[in-house]
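Have a look at the structure below before the remarks.
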């Protein structure tokens, strides 16, 4: 079943754009509203006398048909998150194999995030008007493929860094594109359903990417990265052949989008833009209407401390840990006599870093899947909590790397402690990501701006797309801090006679 029914991909993209975020009262019962709000599988009690005539135009009266649509929507966004982010994770997991031992691994993180940050700024803050989703998705796939081939086929450091930059740009632009695509689905609970599965897919990308490189690294960079380069083509296949159109979630008898959230829900804030006259001066509903730079700045103001700062801190702390501290968390290879289980996992000192990445990605996947599993989102007032916990973990792991909490004779205790702390780090990072994006997806605009359908739609797309700037800045700053952090921690280890980091 194709997601685009028009005669050309360009027209299909415009059809996605024609959807609005109009809301009206609905006949949905309270229980369905609650399940919609938490992102669980739900059934819309919409009836039509001839549902067979609406393969895309409406939701079948059969609950099985409704669940099938939601399943396809969730699976599509899960695959978007998985494939868009998996190459990014593979590059980070392969950092030790892509650069010479004397090169700080933080340079990989820097090249893996800075082009994506440029994409976030350029496509969210600078470009105006409607989003051409088809062009973006196809372009991202091609750029990722070319970038990974450059990494696989060239052994020079410069060529590999250039390929990483291309893949990074593609991944950054793809992240913005797919979270913005979620806003084209209404009611807001359908958008929340999409975001929940997108987040779960990005978490699975971490797990799948780290595990995939764990298996492929024995084949070498050329073969392992070359095999990975074909993965981006899953994105356009999913977009064209699996993803349901947003129109499938409209009532075909009225073409009006149902509202899935009660107006008095205290956890879904209404954005107060009553003091934003430039937005309200756009009276035209034409497709040529667009948000000005001043409009975007005003939309950003209430988001800075509520959403963007917590997300920035989370990414700053966890990527400083992963790229600056984790490469120095090294211990002697466990002996079979003392550590039977560990000795089967750790065969060389170089295995510790991929192991910490794998542990981190497993816990990120679990925590990013909480919304799609039906677990209620954390309250907005607690959004800064994951960043606070991660800061404490960063300090503890840095101390362990530099000075050691346990003696050298008890490396098993140190490994267990790191395992626990890295797991908590992953949980905090995943919870921060999925809850921030879910909350911003569920925000309702002030009724005054909702009168202009085109601008209201663009405002939703801009707000959720602009969040990528905060996590991108956090990763970029972390990559800059990671390089000197790794070097200094290694020096401190050698000063106390621990020379393991010198051989990596």
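The backbone N, Cα and C atoms fix where each Cβ goes, and this holds for glycine too.
Taken from TrEMBL as is:
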TRANSMEM  69-95  transmembrane segment
TRANSMEM  107-125  transmembrane segment
TRANSMEM  137-154  transmembrane segment
TRANSMEM  160-183  transmembrane segment
TRANSMEM  195-213  transmembrane segment
TRANSMEM  225-243  transmembrane segment
TRANSMEM  382-403  transmembrane segment
TRANSMEM  415-438  transmembrane segment
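Counted over residue pairs 6 or more apart, the CB atoms of the transmembrane segment (137-154) and the transmembrane segment (69-95) come under 8 Å in at least three pairs, which marks the two as touching.
Fewer than three CB pairs closer than 8 A are found between the transmembrane segment (69-95) and the transmembrane segment (415-438), and contact between the two stretches is not assigned (pairs 6 or more residues apart). Long-range contacts of the transmembrane segment (195-213) within the same chain: residues 39, 73-75, 77-90, 92-94, 178-179, 182, 224, 228, 354, 357-358, 360-362, 364-369, 371-372, 430, 433-434, 437-438, 441, each at least 6 residues beyond the stretch ends and with a Cβ under 8 Å from a Cβ of the stretch. For the transmembrane segment (107-125), same-chain residues at least 6 beyond its ends with a Cβ under 8 Å from one of its own Cβ atoms are 88, 91-92, 95, 98-99, 136, 161, 164-173, 175-177, 293, 296, 319, 323, 462, 465-466, 468-469, 472-473, 475-476, 478-480, 482-483. Listed by sequence, the residues of this chain that lie at least six past the ends of the transmembrane segment (415-438) yet keep a Cβ under 8 A from its Cβ atoms are 39, 179, 192, 195-196, 198-200, 202-203, 307, 310-311, 314-315, 318, 321, 326, 329, 331, 334, 342, 356, 359-371, 377-378, 383, 385-387, 389-390, 393, 396-397, 400, 405-406, 464, 467, 471.
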